[in-house]
Each structure stands twice: as structure tokens, then as C-alpha cells.
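Chemist: Provided herewith is a single structure, encoded as C-alpha cells, for subsequent inquiry.
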Amino acid sequence: MMLTRLKAKSERKVAKQICKVVLDHFEKEYSRELGDAWHTVRDILTSPSCWQYAVLLNRFNYPFELEKDLHLKGYHSLFQGSLPYYPKSMKCYLSRTPHRMPSERHQIGNLKKYYLLNAASLLPVLALELRDGEKVLDLCAGPGGKSIALLQCAYPGYLHCNEYDSLRLRWLRQTLESFIPQPLVNVIEVSELDGREMGDAQPETFDKVLVDAPCSNDRSWLFSSDSQNAACRISQRRNLPLLQIELLRSAIKALRPGGLLVYSTCTLSKAENQDVINEVLNSYSNIMPVDIKEMARTCSQDFTFAPTGQECGLLVIPDKGKAWGPMYVAKLKKSWTT
């Protein structure tokens, strides 16, 4: 069977070293923000062997044999059709166990059959409610996972993938090449703009905008190899909310009236999540929160959520048997009046 062959191929385990400087910092901040829930979250974040990986199937090179194998192995479909706007074309499979399939190698001219990801990272994509023919901006698109997921949902009329970081830009280009057939690549534009300039470059152009913002990525920061680098990152962390707000301002400018914007991060930090969204909502009379509590209700069997105090914001926190997240998602709408 295909899955057995893939599993046998190679399961290299990378030894990860927890950075005490970062853990101590998180301990202070998150025990205050999450309360008792932090203890479970900490146990999972510091134990990579507990982490889970979802399998997003590529509709452009559909792996029927693999799908059959996943069913036999006890994988189940994400959401199982419970979300009203869950597209039938998106197929993502989850396992309750922390098993990780090997990634496929990039081969020019061959489309990959699946993409491994943190299942919670599909929530911002689904919150966009993408429709065929829409103009879409993925403002901070590298390394490309959410762009790939967007294209599993619908055929946009135009998809603009922007990434300012040159390394992530290379990953983005390669990811698109690995998953997307040439005719569809023709409706995708890839750029390397500072995201804060996009609003001025393309004002009121897009129906939907995704801002998957640069953030203090809790999972990777916990395993920063040296404490000096970690201390530097922690001091820079204070500046991230300002950057995130500036990116959101640019995204709002690029969004047409009536359009939807989704903001996401992969951090638990309130300063980078709820506080950023509250600042934007307080600054704009034409930006409205969109209630997404229903999303949390319909997928609570697969994800654990922490209270955010916001109707428009969800926070997925890692839990036992549901080791997804951290992932914060907020949904906003630009009204027709200014």
C-alpha cells in the first residue's frame, strides 16, 4: 500500500533542544494569559513527539490510492462537511496519533500529491470563504502552504501572492511549482513587496485578503538553538504588533468595499492577536468584525479553543489528542461607507 511504502521510506527524527530563555518568557506571559490551560499547552509545545500533522490532498494530482490507505489507517476528514462554506474540493485528513508521513521531494514537472501541515492553519483559509473568480491577496504568502490551501477551495480570477523575505519567497515559488498546474499558475502573480506598501500599490483591488502575519512563532521559537539569539528575538517581539498593525492597514487599503479580510498568526500572544485586532477596529469606522464563533462550535471535535473575548477572533491551543495550533484567526469586513 502507498501509505505503508511512504512510511517505510524514511522517518528521520530531528533532535530538538528546548531553549530555556524562551520557555521562561512564555511561562511568565502565557500562564497569565491562558491560566491553567497553559500547563497542557506547554507540555505539548515542548514535546515534538506529540505533534500532529494533517495531510492536505492536492486536487490537481489527486492521490486516490493514498486516500484509500488513509481511511484504512483510521484517518478522518477534517470538519467532515460540518462547516456551511467548507468546499467539497478541499480534502484534508487527520489522525488522532502524532504519526508524520514523509514529505514528497520537489521534482520539476511533477505535481505533488499532498501537503503536510498543522490542521489549524486551514482555519484562516476557510474563514475567507473563497469563491471562483474572485481577486485574492495573500499578503505574507511564504512558504506557500496557505496559498496552496486557497487553491484547493476555489479557482480565483486572480491570486496575488506577496512575500517580502527572500528565503520564504524562494520556498513560495517552489511550493506553487510543486502543487499547481501551469494554466492556473498563469492567474497567480508573485511579488516581493514590503507588505506595508501593497495598499498604496493596489488600492481597493481585492475581494478577499489574507494577512498571515509575521509573528513570534511559538513552536519554532521554543527550539531556538542559542540563548543569545533567543534573547534578541524576545526583545524584538515588542515591535511585532506595530508591524502587524501596519500590514493590516495596508491590507485594508488593498481591500475593496464589501470585501473580507482574515488576519492570522501562529502565536498565543494576546499582544499580537486580540490587541492588534482591537487597535484596528478602534481606528477604522468602515472595518467591521465578522462573528466566527460558529466555526469554533462546528469544529470543536478536532480543535481546542481558548476564550479570546472577541466574536471575530478564535485561538486554537494545542491539547492532548488535538495537538494543533497555536493559531489565531480574526475575520473583518470592509463596509461600503468610509
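Glycine is no exception: its Cβ is also placed from the backbone N, Cα and C atoms.
Heads up, here are the entries from TrEMBL:
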ACT_SITE  Cys266  active site, nucleophile
BINDING   Cys140, Ala141, Gly142, Pro143, Gly144, Gly145, Lys146, Glu163, Asp194, Asp212  S-adenosyl-L-methionine binding site
DOMAIN    45-335  domain 'SAM-dependent MTase RsmB/NOP-type'
Chemist: Over the domain 'SAM-dependent MTase RsmB/NOP-type' (45-335), work out the mean pLDDT and round it to an integer.
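Modeler: Its mean pLDDT is 94.
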Chemist: Roughly how many Å lie between the Cα atoms of Cys140 (S-adenosyl-L-methionine binding site) and the residue listed as 'active site, nucleophile', rounded to a whole value?
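Modeler: A Cα-Cα distance of 13 Å.
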Chemist: Might you list, by sequence position, any residue in that chain lying six or more from Gly142 (S-adenosyl-L-methionine binding site) with a Cβ less than 8 Å away from its Cβ?
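Modeler: Listed in sequence order: Glu163, Asp165, Leu167, Arg168, Leu169, Trp171, Leu172.
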Chemist: What does the structure give for the C-alpha distance between Lys146 (S-adenosyl-L-methionine binding site) and the residue listed as 'active site, nucleophile'? Integer Å is fine.
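Modeler: A Cα-Cα distance of 13 Å.
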Chemist: Within its own chain, what residues at least 6 apart in sequence put their Cβ under 8 Å from the Cβ of Gly144 (S-adenosyl-L-methionine binding site), listed in sequence order?
Modeler: Cys161, Trp171, Leu172, Gln174, Thr175, Leu176
Chemist: Which residues of the same chain, at least 6 positions away in sequence, have a Cβ lying under 8 Å from the Cβ of Cys266 (active site, nucleophile)?
Modeler: Asn118, Ser121, Cys215, Asn217, Asp218, Arg219, Gly325, Pro326, Met327, Tyr328
Chemist: Report the same-chain neighbours of Asp194 (S-adenosyl-L-methionine binding site): residues 6+ apart in sequence with Cβ closer than 8 Å to its Cβ, ordered by sequence.
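Modeler: Asp194 (S-adenosyl-L-methionine binding site) has long-range Cβ partners Tyr164.
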Chemist: Could you tally the C-beta atoms, other than its own, that fall within 10 angstroms of the C-beta of Cys140 (S-adenosyl-L-methionine binding site)?
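Modeler: 22, counting other Cβ atoms within 10 Å of Cys140 (S-adenosyl-L-methionine binding site).
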Chemist: Greatest CA-CA distance (Å) over the residues Cys140, Ala141, Gly142, Pro143, Gly144, Gly145, Lys146, Glu163, Asp194, Asp212 that the record ties to S-adenosyl-L-methionine?
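Modeler: Maximum Cα-Cα distance: 20 Å.
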Chemist: 10 Å Cβ neighbour count around Lys146 (S-adenosyl-L-methionine binding site)?
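Modeler: The answer is 23 other Cβ atoms.
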